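A.B. asks: Take a look at the following structure, please.
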Amino acid sequence: MTDLDRRPTQFGSRVAVAVATVAALVVCTAAGAPLAGILAVVGVLGGTWAVERVDGETNVERATGSVALVASTLSVATGVLLSARSNGGLAVALVASAVLATALNARVDMERESVKPAESALDHSALLVGFGVLAAAAYHLNLGWVVLLAVAGTASGVHAAGTLAQFVSLQVLALVVALLLPRALSTLDSWLPGEPASDNFGFLERVGLELSDVPRSYWALLAAQVLVLLVGSQLFDQFLDLLSVLGTGIRLLLGSGVLHAPLAGFAAAAGGVLLAELLRRGLVAWGGNYPPKTLGYAAGGVVTVVVVSLALAVPQISAATRGAFGGQAWTDLGAATVVLFAVGVILAAAAFLERFVSTTAWLPFSPVLPVHGVGFAAAGGLLFVGTVAAAEADAHPLVVVGGIAASIFVWDAGDYAARLGRELGRGAETRRAELVHLTGSALVGLVGLAVTTIVLYGVGPASVPGGEGTAIVALFSALAALGVLVWLLVSDDDESAA
């Protein structure tokens, strides 16, 4: 026997989402940010679908959900950033958050566990985008050639510094090889199939040593050589002159590089093996107990890196995008580096904001939020405040009143759907009862809108002088009347239920 699905009923929750969406778009348009509102609202609706999708059972569901979540996050961020250029920036962010809260409460359980897969998708995608930033910067800066030139410059500088510098560098290379070789050979042995063997690499295993095996007297001797090199390397040359032909041979041997080259090759190979092992362990730790699941969560970051890199390789797209970013970094680090860095910051900020809201930000409001239907209640409050913010952006008074009426309707419809879902289950046939209830709520909103229209365009101009003060008084008078009517309606529903 399966557990009863106690999420809000489908009909009432869908009506609440539809009303919140329409109200949000109207408020954004009235605030002077229609395009920003569309991007933000479409983004939060897509994000809601992605949150549900990324919690699926298959890797395909997780991957598609991760990609949709990243795309939705970028859409919302683009909308909010566009709205920041106008007076409606705060309104867009608030009403989009209201739509998000409504849609989440309608589709998923409003519990911490329900959003953890989405958190993982954002975290892993942001990490992959961060690696993409490093790779793009390395490619633009030709980091491989830079490293090779640095090594060549160092070798040339050591060769030109004199015989003592060549002798000291030879000892340092020998120490590095001796210290790295045992670890590199052990790593290679662990990579080979079968049981580890002690004779796979022959004499090479006997060359290596541990750091504690190096005598302190040798460290002191090496330090003295470095000190002589810094003070006056000509002393070593004078010593070689005393050796006559032997000194000349030592100079030729050290200067030819026949001793340095193989040691440098061994050091590079051993370092490469250890670096590869470090990367392998990092990938294993990142992949966790089930790497395909982790890769599914990270699919959004992978797709973002690929799409951005390929798109910016097109000159027309790169030129059009540069107008939005520009700056010296675009020239110094490359287009893909700058854009991917911005995307990574947005994803990291979204992950942080989600955690903050779900764990901390709601605590001050917990005494007034209902136990069930918390998303609908929060959506009503956010839509209310967002509508008031739109009023500050010179939105039409009727739009303001309509938005506030919609906020109350969203809360009422969602709360009723949540109560029915808790009692009867999400799949119960409750459409007729909900339709009756929602019709009453809609009539209350229409009455409030009609009263406001009469106050603004009838009674107001005929009785008192116009102006900002009059509009505010009329607005809040209408809101007070609307609040009383809603309270009476809810009280009547509670009495009927009892």
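Any Cβ shown, glycine's included, is placed from N, Cα and C.
Remember, TrEMBL labels are computer predictions, not curated facts.
Because the structure is a prediction, the values reported are computed rather than measured.
Below, the features straight out of TrEMBL:
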TRANSMEM  20-51  transmembrane segment
TRANSMEM  63-82  transmembrane segment
TRANSMEM  88-106  transmembrane segment
TRANSMEM  127-152  transmembrane segment
TRANSMEM  158-181  transmembrane segment
TRANSMEM  218-236  transmembrane segment
TRANSMEM  248-275  transmembrane segment
TRANSMEM  295-313  transmembrane segment
TRANSMEM  333-353  transmembrane segment
TRANSMEM  365-389  transmembrane segment
TRANSMEM  435-459  transmembrane segment
TRANSMEM  471-490  transmembrane segment
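Where in this structure would I find these features, and how exposed are they?
C.D. replies: When Cβ-Cβ distances below 8 Å are used as the criterion, the transmembrane segment (63-82) is approached by residues 33, 35-47, 49-56, 89, 92-93, 96, 117-118, 121-122, 124-125, 295-301, 303-304, 343, 346-347, 350 of the same chain, each at least six residues removed from its ends.
Proximity of distant same-chain residues to the transmembrane segment (218-236), defined by a Cβ-Cβ separation under 8 Å and at least 6 residues beyond the stretch ends, is recorded for 161-165, 167-168, 171.
Residues 155, 159, 163, 166-167, 169-170, 173-174, 176-177, 180-181, 183-184, 187-188, 240 of the same chain sit 6 or more residues outside the transmembrane segment (248-275) yet have a Cβ under 8 Å from a Cβ within it.
For the transmembrane segment (295-313), the list of distant contacts is 54, 59-64, 66-71, 117, 120-121, 123-129, 131-132, 135-136, 287, 321, 335-336, 339-340, 343, 347: same-chain residues at least six beyond its ends, Cβ to Cβ under 8 Å.
Sequence-distant contacts of the transmembrane segment (333-353), counting only residues of its own chain at least 6 positions beyond either end whose CB sits under 8 Å from a CB of the stretch, comprise 70, 73-74, 77, 119, 122-123, 125-126, 129-130, 132-133, 136-137, 139-141, 301, 304-305, 308-309, 312, 318, 321-322, 325, 327.
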A.B. asks: Counting only residues 6 or more past its boundaries, what in the same chain has a CB within less than 8 Å of a CB in the transmembrane segment (88-106)?
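C.D. replies: For the transmembrane segment (88-106), the nonlocal Cβ contacts are 7-8, 13-14, 16-17, 20-21, 23-24, 27-28, 31-33, 36-37, 40-41, 43-45, 47-48, 51, 76, 79-80, 373-376, 378-380, 382-383, 385-387, 389-390, 393, 395, 403, 407, 410, 414, 417-418.
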A.B. asks: Residue list, the transmembrane segment (158-181) vs rest of chain: Cβ under 8 Å, 6 or more residues beyond ends.
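C.D. replies: Contacts of the transmembrane segment (158-181) (Cβ under 8 Å, skipping residues fewer than 6 from its ends): 204-205, 207-211, 214, 222, 225-226, 228-229, 233, 236-237, 240, 250-251, 254-255, 257, 259-260, 263-264, 266-267, 270-271, 274.
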